[in-house]
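Copied from TrEMBL, the annotated features are:
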TRANSMEM  26-48  transmembrane segment
DOMAIN    41-289  domain 'G-protein coupled receptors family 1 profile'
TRANSMEM  60-78  transmembrane segment
TRANSMEM  98-118  transmembrane segment
TRANSMEM  139-158  transmembrane segment
TRANSMEM  199-220  transmembrane segment
TRANSMEM  241-260  transmembrane segment
TRANSMEM  272-291  transmembrane segment
Amino acid sequence: MENLNTSSEEGFILVVFSDWPHLEPILFAFISIFYSLTLFGNTVIIILSQLDLCLHTPMYYFLCHLSFLDLCYTASTVPQLLVNLSGLDRTISFGRCVAQLCIVLSLGGTECVLLVAMAIDRYAAVCRPLHYTTIMHPVLCRALVVFSWVGGLVNSLIQTSLVMAMPLCGHQLNHFFCELPVLLKMACEDTGGTEVNLFVARVIILVCPLLLILGSYAHIARAVLNIRSMAGRRKAFGTCASHLIVVAMFYGSGISTYLQPVHRYSEKEGKFLALFYTIITPMLNPLIYTLRNKDVKGALWKVLGRSTDSA
């Protein structure tokens, strides 16, 4: 209990990448660039989705929320990481650590459910095109988004309360933010019962949404195979390819981190994997969704054209 009291009062020291001091200046430079690209790309998508009437559809409504999620997700970890890499401050208070864990888990859980909503949208577009506007009614779209945020928050509160109820030993946190598996490894007592409860919560927020997404794409694949023309198949597949890539990146890294037993979790490997899903994925999402998207490109040229005309 003494260790718990001192941890609660004094907080933690984030080890970050001090095991590889020669890498820290390089990581600082690259992460700064990636973070700037993340802010720019996701902000552009949000602005375009609001300004262009052609993008006022369920698909871009969900994409706008995904971009906002990515902005929040990176803002919850990356600025602190840059400060740590610069050597200015490597400490985090116990209260800030709890808040950061809750926010990160909440945003991650929200994205899990939001990707299901986007899969439902693709299912309606490919498998029920004649009834698409009826199925994807604005009321349903708003309900799916609200459910995503509420579901992510509730699951996060459950997981955070389970972890923070345990006594924690030591002050050195071998990561660049308050990551759940790392905190579990710092527990002073047996975590068997807590791990079981956490595993159930993770299955609900990770595996169940993934199964729904895979189920919707099984129906989509069957519908695409029934399309006779190759052009029609390409068009149907093109509407789903971007979402599938994002799902693969997000769930791949999430399952690798959160569904393995704590004793098998490698803190060194976990830090580099965390760089992928906290920085690289949010940076790539705007590129994946816009690179081959004529609607977004057209909206961008319209906005740029208006700016040029007004100038």
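From the backbone N, Cα and C atoms, a Cβ is placed for every residue, glycine too.
All TrEMBL annotations are machine predictions without curation.
If you look at the transmembrane segment (98-118), the same-chain residues 6 or more away from its ends with a CB under 8 A from one of its CBs are 59, 62-63, 65-66, 69, 72-73, 76-77, 80, 92, 141, 144-145, 147-149, 151-153, 155-157, 159-160, 163-164, 177-180, 183, 205-206, 209-210, 212-213, 243, 246-247, 250-251, 254. Averaged across the domain 'G-protein coupled receptors family 1 profile' (41-289), the predicted model reaches a pLDDT of 90.
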